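Chemist: Could you have a look at this structure, given as structure tokens, before my questions?
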Amino acid sequence: MASGSDSKSDDLSTAILKQKSRPNRLIVDESINEDNSVVSLSQAKMDELQLFRGDTVLLKGKKRREAVCIVLSDDTCSDEKIRMNRVVRNNLRVRLGDVISIQPCPDVKYGKRIHVLPIDDTVEGITGNLFEVYLKPYFLEAYRPIRKGDIFLVRGGMRAVEFKVVETDPSPYCIVAPDTVIHCEGEPIKREDEEESLNEVGYDDIGGCRKQLAQIKEMVELPLRHPALFKAIGVKPPRGILLYGPPGTGKTLIARAVANETGAFFFLINGPEIMSKLAGESESNLRKAFEEAEKNAPAIIFIDELDAIAPKREKTHGEVERRIVSQLLTLMDGLKQRAHVIVMAATNRPNSIDPALRRFGRFDREVDIGIPDSTGRLEILQIHTKNMKLSDDVDLEQVANETHGHVGADLAALCSEAALQAIRKKMDLIDLEDETIDAEVMNSLAVTMDDFRWALSQSNPSALRETVVEVPQVTWEDIGGLEDVKRELQELVQYPVEHPDKFLKFGMTPSKGVLFYGPPGCGKTLLAKAIANECQANFISIKGPELLTMWFGESEANVREIFDKARQAAPCVLFFDELDSIAKARGGNIGDGGGAADRVINQILTEMDGMSTKKNVFIIGATNRPDIIDPAILRPGRLDQLIYIPLPDEKSRIAILKANLRKSPVAKDVDLDFLAKMTNGFSGADLTEICQRACKLAIRESIENEIRRERERQTNPSAMEVEEDDPVPEIRRDHFEEAMRFARRSVSDNDIRKYEMFAQTLQQSRGFGSFRFPAGGQGGAGPSQGAGGGSGGSHFNEEEDDLYG
């Protein structure tokens with residue numbers, strides 16, 4: 001039931017986005033007729049809308065664009081479609097498959113005069129009279145309806161020329177009759193100015209924030225378009241919206257789109273531009289902006305970077321800043337009732353804004369525009385790639401799933417990086433000196449999935465730019481042994497990211513943290529690196545000592561900041577290496593700057609508990625001194641899984657040696673099994689050192705051989721004609737034997753005993769290894785309780801022994 005009510009409320013919150021289906025809403029289709037003034041409908045649709053052949057109709061497209069056309073019937077057109085050619089589609093700013101509305105427009109006047117200008121790049125090199133060759137035949141006897149701002153294409157004299165309607169009398173639309181005067185004097189219009197208006201942002205250029213967009217539409221469009229609704233119900237329409245969220249999520253873009261789509265007057269105030277050195281001028285700048293907007297109502301005032309002009313008054317030292325905040329407050333209250341002025345503001349630091357601004361009646365709605373989820377990312381990628389040439393193998397869904405924590409700006413950068421990579425591949429065919437590039441090269445360009453993969457490897461989300469996250473190139477194969485630990489880790493990090501539905505089904509939140517402990521050199525850090533690489537989560541590595549600074553309160557702020565970043569870029573793995581340096585048992589350390597270390601631990605503890613459950617943030621700690629770590633951090637709910645990573649046994653040692661020598665040429669007679677048998681008590685790092693030394697010896701021998709041969713060649717050039725084989729093709733037994741002479745154990749038996757003891761105490765404190773439910777129905781227990789007993793319990797116990805022994 002809950003899910004049903006959820007979806008219902010979800011429907012209500014985005015109700016404004018739904019397209020209402022009315023008979024005059026039609027889907028745009030490609031036209032067969034090349035005429036610029038004609039659209040065609042099916043006969044049935046024309047009867048339904050009571051239109052006759054040759055009627056003038058008004059079409060409404062995107063971004064408040066309209067066009068006037070003549071309607072004809074076309075029997076091949078299906079009922080819900082409307083056919084129009086490219087020129088009309090451009091004027092309406094629509095694509096094939098978009099929805100437009102059509103309405104009869106019976107009383108279009110005949111024009112007295114119209115003014116049209118050609119667009120410069122289509123008339124280059126044309127001599128002669130434009131009017132005679134192009135315009136006269138186009139308009140002659142045609143009675144074409146035109147609208148101010150339209151662009152139309154005229155073919156004639158071997159080429160096509162585009163004209164723009166600059167002015168019509170009567171405005172805004174009229175029919176060009178035989179006695180209409182057509183002016184075409186003046187400078188041709190530059191294509192760039194035209195393109196700019198074409199590239200205006202609309203609602204369809206915004207992806208990944210559907211709910212927020214619905215909120216903003218009902219806050220902005222309803223009061224501007226239908227103020228009567230609010231009058232009827234008897235409330236004041238809202239007047240301020242504060243958009244906040246991390247940089248790059250599209251706050252300014254949304255404001256632009258709203259302005260374009262509502263057609264309201266748009267007044268942009270950049271925070272810092274208002275400031276002036278003269279007393280009182282900054283405030284009057286603000287007042288002017290608001291007056292200007294009120295004159296041009298309905299209007300939207302958009303204040304970008306609000307935190308620059310309205311910081312908290314008690315924190316600011318300058319008198320001017322305080323006065324500006326006060327001025328803004330009085331202006332927002334003093335907006336006359338229903339003056340149809342809406343104030344929107346954007347900031348990425350909502351908490352540094354003066355609280356008086358955030359009350360109802362000023363900025364009444366705060367819309368959090370957060371980091372998009374994978375469906376949102378897919379929308380954004382589709383928007384950015386709709387004009388790109390993609391090859392067939394590009395799977396945008398996969399790209400969307402792999403870009404955790406990316407905001408819209410990062411995805412745009414990702415697309416352009418992939419496109420650049422596609423161009424780089426063709427660089428050998430492109431010469432920078434040439435004037436033009438071959439059409440063949442141009443047509444063969446397409447962005448492939450490999451380009452996207454390359455771009456993915458280059459890009460990291462902007463939320464994590466400061467704590468630069470190098471995802472390490474370590475895979476599970478690089479880690480020898482430790483199979484159980486690997487499985488445990490995969491379950492911890494990958495399951496919540498990949499199978500969240502299972503956790504919902506069983507009604508549990510996934511566990512948040514793991515602590516690896518064990519002797520140095522056993523691969524604790526390596527494991528954390530591998531998990532960061534294998535599951536597609538972001539990875540932040542925190543070196544303990546970096547958090548502490550000399551300033552009071554700064555160390556704790558660092559901790560808070562890191563956790564905030566991780567939450568923004570969820571799913572994210574936070575890796576604390578050398579946890580013992582920042583999470584020592586509290587109260588014991590005398591003489592450290594005012595107990596800074598204690599405060600850092602307190603901060604970490606509260607952060608781990610206060611982690612909002614929605615975000616997938618995992619904490620992995622690694623330490624080789626588990627005995628001095630504060631016990632509060634080891635309780636379930638914080639770092640609940642304590643995993644002992646022991647010295648490798650013989651099987652693991654073979655695996656480690658093999659993993660180390662995966663890429664090296666090793667002679668057939670080197671017996672790694674024997675080597676593993678002999679190196680009892682060696683840690684993984686020690687084994688790696690043996691392999692490295694053997695490699696080094698082989699390299700040394702190889703270089704000495706080359707030098708010797710070079711000398712011989714110089715003394716006796718004729719004898720050395722025959723090219724010899726490589727004298728040292730692989731790492732031989734004697735290299736390993738030599739290396740073993742220097743091998744040493746880094747962990748003494750004494751240390752091992754300490755770890756075993758610690759693991760043992762943990763084991764004993766559990767003490768429920770042989771726990772069983774009673775078999776019968778004792779104490780009123782039903783049969784359902786007994787069902788869980790038996791093999792399950794003993795199996796559980798073996799697992800535990802395996803991992804922690």
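Cβ atoms are placed via backbone N, Cα and C, with glycine included.
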Chemist: Determine which of ASN270, ASN285, ASN348, ASN351 appears in Swiss-Prot for the same ATP 1 site as PRO247, GLY248, THR249, GLY250, LYS251, THR252, LEU253, HIS384.
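Modeler: Answer per Swiss-Prot: ASN348.
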Chemist: With the ATP 2 site defined by GLY521, CYS522, GLY523, LYS524, THR525, LEU526, which remaining residues of that chain have Cβ atoms positioned within 8 Å of the Cβ centroid?
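Modeler: Going along the sequence, the neighbours appear as PHE516, GLY518, PRO520, LEU527, ALA622, ILE645, GLY684, ALA685.
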Chemist: Using DSSP and collapsing to three states, where does GLY521 (ATP 2 binding site) fall: helix, strand or coil?
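Modeler: In the DSSP reduction, GLY521 (ATP 2 binding site) maps to coil.
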Chemist: Inside 10 Å of the Cβ of GLY521 (ATP 2 binding site), count up the other Cβ atoms and send me the figure.
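Modeler: Excluding its own Cβ, GLY521 (ATP 2 binding site) sees 22 Cβ atoms within 10 Å.
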Chemist: Under a criterion of Cβ-Cβ distance under 8 Å and sequence separation of at least 6, what residues of the same chain contact LEU526 (ATP 2 binding site)?
Modeler: VAL474, ASP478, ILE479, GLY684
Chemist: What is the separation, in Å, between the Cα atoms of CYS522 (ATP 2 binding site) and PRO247 (ATP 1 binding site)?
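Modeler: PRO247 (ATP 1 binding site) has its Cα 41 Å from the Cα of CYS522 (ATP 2 binding site).
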Chemist: Under a criterion of Cβ-Cβ distance under 8 Å and sequence separation of at least 6, what residues of the same chain contact LYS524 (ATP 2 binding site)?
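Modeler: Residues satisfying the criterion: PHE516, TYR517, GLY518, ALA622, ASN624, ILE645.
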Chemist: Between THR249 (ATP 1 binding site) and GLY521 (ATP 2 binding site), how far is it from one CA atom to the other, in Å?
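Modeler: Answer for this pair: 43 Å between alpha carbons.
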